[in-house]
Amino acid sequence: MDQKVRQFEVCTQDGSVDRHGNPAIRANTGKWLTAILILVNQGLATLAFFGVGVNLVLFLTRVMGQDNAEAANNVSKWTGTVYIFSLLGAFLSDSYWGRYKTCAIFQASFVAGLMMLSLSTGALLLEPSGCGVEDSPCKPHSTFKTVLFYLSVYLIALGYGGYQPNIATFGADQFDAEDSVEGHSKIAFFSYFYLALNLGSLFSNTVLGYFEDQGEWPLGFWASAGSAFAGLVLFLIGTPKYRHFTPRESPWSRFCQVLVAATRKAKIDVHHEELNLYDSETQYTGDKKILHTKGFRFLDRAAIVTPDDEAEKVESGSKYDPWRLCSVTQVEEVKCVLRLLPIWLCTILYSVVFTQMASLFVVQGAAMKTNIKNFRIPASSMSSFDILSVAFFIFAYRRFLDPLFARLNKTERNKGLTELQRMGIGLVIAIMAMISAGIVEIHRLKNKEPESATSISSSSTLSIFWQVPQYMLIGASEVFMYVGQLEFFNSQAPTGLKSFASALCMASISLGNYVSSLLVSIVMKISTTDDVHGWIPENLNKGHLERFYFLLAGLTAADFVVYLICAKWYKYIKSEASFSESVTEEEEV
């Protein structure tokens, strides 16, 4: 007994192991020492990624010769692909490689893509010399050069996308959720992770954004490559101290087993109160049994023990056929995923709003007054106000708002806003951001310059600083939506699907970018005629960008109504270990 108590005090209790596969020693592994390495790594990787992404729309117009709508669509598709690759990274991590190996491999791919882009830009794409600035576009490129460019940027997408969901979950793995102190740190980690992400992009949006706007594209891309390489080295330095979780069997196999087993037993009545449900012991240390719930009753058939199951067990020796009989925990894992999907779908439209910051906000800013005396402000650098807003609201929420809401909360849980409530607030603020952007565009058009009919540069006397409110509102909405989303999916996902849960957040951004691209194409097709330039033409002074912003505000408002219904319907996951705690089956939204 004393030995067990001693092991409980010395080792982590969540099933994490060290790099040799032994139970992780609490004092020698994980916690903030390794988490800080991961946070700095995230900051450097984000600096590198946004060193490319923040001005990619301008690179496509000035160097690759694309118009505004085409460039905005291509940026949306590229950003969407980045986050689609997050699903691949999550699958490999949860099923085969583990989070550490997955992070290392995809970061190496990320560095390789950045180096390829840096080399190809300096040696091949900037022709003639000195091109790539606003008044001096580059000449058309050959098919080979264009293919090389897209190969490099999509290799960057593969590396960064596959790495992102795993580094977030790997950072959370450094804290033992079964320990009260480390459990609190684990929750706080996601806020600091998102803060590191934004602070990392601050340098890209200001310094690198300025040099790239001046045509120094190779310098900006090489700085990004160097930052990514430094981040990879820093990540590897922490190898001896990291805590790991052993990869589970493929979550998709477990998912399919439940569906197949339930289908095979389709004729069984699941509404009978005395069901003989099968539940096995957990396979991995630290795993928790998930308690049976009444939703999605048709899936319970997969856990009903039938005479045929017993007969097959006798024939095979000692085990049930996993494609005929699944444990209650395995069935509940599928239910967890199905319950998450409606919430996840409601976050996609928010990502449509969010992606405008990297595309149409930049195009809009470039068509405003960007000079302060002799200094020219790059339109992309305005996203610095988004980053400052994120930093401010993360600090304000953790230090002031969360404790305030906790005191006002009269329920037994005595906690602040739930993750679902915070995500709803994020949607409301996003609506305000689109309305603000539309109002700014109305005023920009009222102050357009006469000569803008032949030039889209500085085509309005309205200062670019009028964009500050829309950037600040987007930043505030991110703190409530994306941080809440990370915490929500990570806490509600089964043990073997933690990386997949983080990938859901990335996939939401991905689909948001694709939907944004589709929406722009549809709007342009409908609004463009022989004598009308459409809402988002190359010369914004001949369009109606404000209508597109107001359209997004209306769609997001409708999405918010649907979200309220889905959030009210959602039932929180309950595990065996937490059943004795005062956790209600439903939480108020």
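The chain as shown is numbered from 1 upward.
From the backbone N, Cα and C atoms, a Cβ is placed for every residue, glycine too.
Given the structure is predicted, the values throughout are model-derived calculations rather than measurements.
Taken from Swiss-Prot, the feature transmembrane segment covers 32-52, 78-98, 105-125, 147-167, 187-207, 217-237, 343-363, 377-397, 423-443, 464-484, 504-524, 548-568, and the record attributes it to sequence analysis. As annotated by Swiss-Prot, phosphothreonine applies to Thr102.
Residues 53, 56, 105-106, 153-154, 156-158, 160-166, 169, 244-252, 355, 358, 496-500, 502-503, 506-514, 517 of the same chain sit 6 or more residues outside the transmembrane segment (78-98) yet have a Cβ under 8 Å from a Cβ within it.
With pairs at least 6 apart in sequence, the transmembrane segment (423-443) and the transmembrane segment (548-568) have 3 or more Cβ pairs within the 8 Å limit; the two touch. Recorded stretches compared: 32-52, 187-207, 217-237, 343-363, 423-443; the one with the most Cβ pairs under 8 Å to the transmembrane segment (377-397) is 187-207. Two recorded stretches are said to be in contact when at least 3 C-beta pairs lie under 8 angstroms, sequence spacing 6 or more; the transmembrane segment (32-52) and the transmembrane segment (187-207) meet this definition. Three or more CB pairs closer than 8 A are found between the transmembrane segment (343-363) and the transmembrane segment (504-524), so contact between the two stretches is assigned (pairs 6 or more residues apart).
Tertiary neighbourhood of the transmembrane segment (187-207): same-chain residues 35, 38-40, 42-51, 54, 168, 171-172, 174-175, 224, 380-381, 383-384, 386-388, 390-391, 394, 397-398, 475, 478-479, 482-483, 486-487, 490, selected by CB-CB distance under 8 Å and a gap of 6+ residues from either end.
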